[in-house]
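The structure under discussion is supplied below as structure tokens; questions concerning it will follow.
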Amino acid sequence: MKLLKPSWVNHNGKPIFSVDIHPDGTKFATGGQGQDSGKVVIWNMPPMLKEEDEKNENIPKMLCQMDNHLACVNCVRWSNNGAYLASGGDDKLIMVWKRSGYIGPSTVFGSSSKLANVEQWRCLSILRSHSGDVMDVAWSPHDAWLASCSVDNTVVIWNALKFPEIISTLRGHSGLVKGLTWDPVGKYIASQADDHSIKVWRTMDWQLETSITKPFDECGGTTHVLRLSWSPDGHYLVSAHAMNNSGPTAQIIERDGWKTNMDFVGHRKAVTVVKFNPKIFKKKQKNGSSTKTSCPYCCCAVGSKDRSLSVWLTCLKRPLVVIHELFDKSIMDISWTLNGLGILVCSMDGSVAYLDFSQDELGDPLSEEEKNNIHQSTYGKSLAITTEPQLPNTVIENPEMLKFQQRQQLQQDGEHMVQAQMEAPIHNMASMMNGESLEDIRKNLLKKQVETRTADGRRRITPLCIAQLDTGDFSTAFFNSIPISGSLPGSMMSSQSNQQLISLDSNTTSSSGALKSNVELVGNNTKPAEETANKESGNVSSSSPVAPTSITAQPKIEPMKALDSRFTERSKATSGTAGVAHLNQTAVDRLKEQNVTKDSKPRVVESSSDSEEKIPASKQLSKRKGEADADLAEKRKKGRPRKESQRLMSVSLTVQSQVASTSEKELTCVTTSSLTLRLPTPTPQKSFTLQLSSDPSMYIEVENEVKTVGGNKLSQLKCHREGKEWEAVLTSRIVAAAGSKEVVCVACEKRMLSIFSGSGRRIFPPIILPSPISTLQCTGSYVMALTAAAALSVWDVQNQNIIIKNESLQPLLSGNDLTVSQTLLTKRGIPVLSLSNGKAYCFSPSLSTWSLVSDKQDSLAQCADYRSCMPSQDAVMCSGPLAIIQGRVSNAGRQAAHLFTMPHLVQKETTMAYLENQVAAALMLQSSQEYRHWLLIYAQYLVNEGFEQRLREVCQDLLGPVHRSSDSQWESRILGLWKRELLKELLPLIGQNLRFQRLFTEYQEQLDILRDK
């Protein structure tokens, strides 16, 4: 045996908590404490093995250093195929690293010395689930799973083929879990914790097989780690830190019956780490000795807090070798080379030691074929042989399940082939660019250097940056491995503002397609666009050209796009004035800050046709010429309303108990002593324009009182559609308008609603509304009118019937200071109102009631954690009205789940309730794609958590009756989707868990019977 303690392997005096040798033996990794962070270092193995390589300066010793962990790294482990490195630390994270093929070394960031990263390793995935320090990680024998344990008392099983998917979370320990080891045949995983127990879990169903406590009753939680190990033949599990007659031991646990009759004794302090040699040995046959085959045996290394290392052979009663005082502090980790003749040991004192054995000392190692034969003869064949994330050692009971697995295997093979074909051109392109090698490119770049001469004749070369060239093997960007579904709705909201056409009159300019700001510059003053939007061309107080007015209609677009971040402009278009405005919360807050700007006083304008006064809801309404002097007086008193406003409000038919701030530009609910609701109404403008769709050639123009016939003034409506134009004349001034590709509707002063077809044909006689219009919207062939009396109506113009008739908002606006911040009419005619308290309601015509579909303060959304059930990151994100209503809430809820520590049962219940709410809300909104999206996530969660009863109920509802019956009330479709087609999509999810193979088979067979019929 040879012993070496290389001084060049160190963490600058900081502790090294873990070490692991790469399967190919060319490198090894260490993990521990760095400078203000955790540190993972990959070292070159040849300088450790040969003295001449250590002295050769051309052979690098350090290959790469990664300081991405925010806190100390407790464990590093290579995958069995050597492609990945997993590291876990005190920052509660597990990072999975993969080599990236950069050319040339790079300096270690932040290093004062000239350290260079010869190899480039990038973070492939970051696994977040633990709420405490990660103490140990372990790859399954065939790299299908990655297990991690933590001081949060849990063990998490990750799907190594589909990070960051969680297969299962093992709960049962009542103390800090400090060590993990896999059964070499893949049937069990064992964990050791400070609760004086080792628990063995079945990988078949991730349930507890046995709990071993007796050898650990006298133990205390004095060790930093408890690294236990399973023998390569699978017969023995050896624990760390056990006690026998008050003496520290390493307990030997037999697989057969989990008996604890033997142990490794001799260490003076607690055992911290046990590591079996990966090879199975047999005694070396000497020349002339008996040809009788010897019994195979295993080799085990034991490290302790007494700073000593012992190496044992299971065929001997005493240790093969004991090395005392090998380090200054406790031994933390041990790793064997793949050939079984070398061993690396690390210590808390920040150093490592390498022991090199010979075959004469350990014996002849068995070949891999002989080792597999031992496994097969002892345990039989196992599903663990496959790389599928299935449950090993589970009997497949029927051919349908077997066929399903084979189809999945073929599908994955096809995906890998396509991926390989896509990566091949990348590698070729990286190695050769335009026929030149990368080295030629570098030389050509150096030839292009810029050289100048200074005044004194000296040369000066301008520095030229030569970027690193990646030869491929790209990996996911750092901190970007968790899908954020909430980002898409947010981006859609911000991108929809280009679907607006700005109101025009003779002195205004047009703007369409560009992204508008909420604030426009007028002269030298900065004012909100809405503030200057409604000034008429005849306003004598305006010294600069009138700014474009932000008035648009509700175009016919997808329901999810109907609510966007520029909803203020859209709703003002439907109401005909900036007086009725709907802002998202961000815009509201921005406008609140400008509450003291000029011309921000509330204006109350008396209607010329109705006796009901208008309630102020904007910073400035349309001005008449005679009011210019009054405006100058108002600017001197910025905190008080005009006397005229006070007089008009005092004679209002409803006695106002509260009026919301007019700077908030929201639909304001005014509560009264008689509980009568009043919503703000728009004031007629001289002219305005609104766009019908994203096509800028489709828009309508409104001009009030442009013609005089017999002493009566008429208003004109013009519609421009695909190069064609039609006109309509109305006898009253138009106060609000809305339109889509199918329908154009306008509301006039005399409470009349006129509806026209896309070609200009009047569909109905003027509809008399019960009170003046407050908000008018149109989507497809549906028209929604919200009146000043807080009554909502929705008509189906195509079928000429009413869907919702004068439904009161009283149940929604019963609280104080509640306002309507957003409105939405889906493409199926479902109205949705979003209130200032963050709650959103929709009205169901079938139930004749309001339903809560979203709540920003919902604790379920904040605590639910269903990330492992989300579609992959490259999947098309779900879009629809529910996603737009909730906006970024769902993303915030998933991120907040990491900040809350709660019992698993509580989190499971909250996640279940949240997903069921999402499915029900999508169904209420009649959003078919969102219903399918959330149903699949819900089903995946049921499969992951093992809720068979609810899963069966979902499947039964989708399957329906197998035999036809005249009195059956079952509907074969839901929201236009075939239920049995949805069931076909659910079955592959169910098939992922072999515990549900009978459920899978049951419904698969019934679908086959129905198909044959």
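Cβ atoms are placed via backbone N, Cα and C, with glycine included.
Relevant sequence annotations retrieved from Swiss-Prot are reproduced here:
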- 11-53: repeat 'WD 1' (REPEAT)
- 68-107: repeat 'WD 2' (REPEAT)
- 129-168: repeat 'WD 3' (REPEAT)
- 172-211: repeat 'WD 4' (REPEAT)
- 220-263: repeat 'WD 5' (REPEAT)
- 266-322: repeat 'WD 6' (REPEAT)
- 326-367: repeat 'WD 7' (REPEAT)
- 529-648: region 'Disordered' (REGION)
- 535-553: compositional bias 'Polar residues' (COMPBIAS)
- 558-572: compositional bias 'Basic and acidic residues' (COMPBIAS)
- 573-587: compositional bias 'Polar residues' (COMPBIAS)
- 589-604: compositional bias 'Basic and acidic residues' (COMPBIAS)
- 624-634: compositional bias 'Basic and acidic residues' (COMPBIAS)
Grab the same-chain neighbours of the repeat 'WD 7' (326-367) for me: Cβ-Cβ under 8 Å, and only residues 6 or more beyond its ends, written as numbers and ranges.
1-7, 9-21, 23-25, 28, 30, 32, 48-49, 75, 223-225, 227, 272-285, 296-297, 299, 301, 303-305, 307-309, 311, 313, 320, 374
Report the DSSP secondary-structure composition of the repeat 'WD 7' (326-367) as helix, strand and coil residue counts.
4 helix, 19 strand, 19 coil
Counting only CB pairs under 8 A, let me know which of 68-107, 172-211, 266-322 has the most with the repeat 'WD 1' (11-53).
68-107
Over the repeat 'WD 5' (220-263), what is the model's average pLDDT?
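That region's mean pLDDT is 89.
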By DSSP assignment, list the helix, strand and coil residue numbers for the repeat 'WD 5' (220-263), in that order.
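Across the repeat 'WD 5' (220-263), the residues distribute as 0 helix, 19 strand, 25 coil.
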Which residue counts does DSSP give the repeat 'WD 2' (68-107) for helix, strand and coil?
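Taking each residue of the repeat 'WD 2' (68-107) in turn, the totals are 0 helix, 23 strand, 17 coil.
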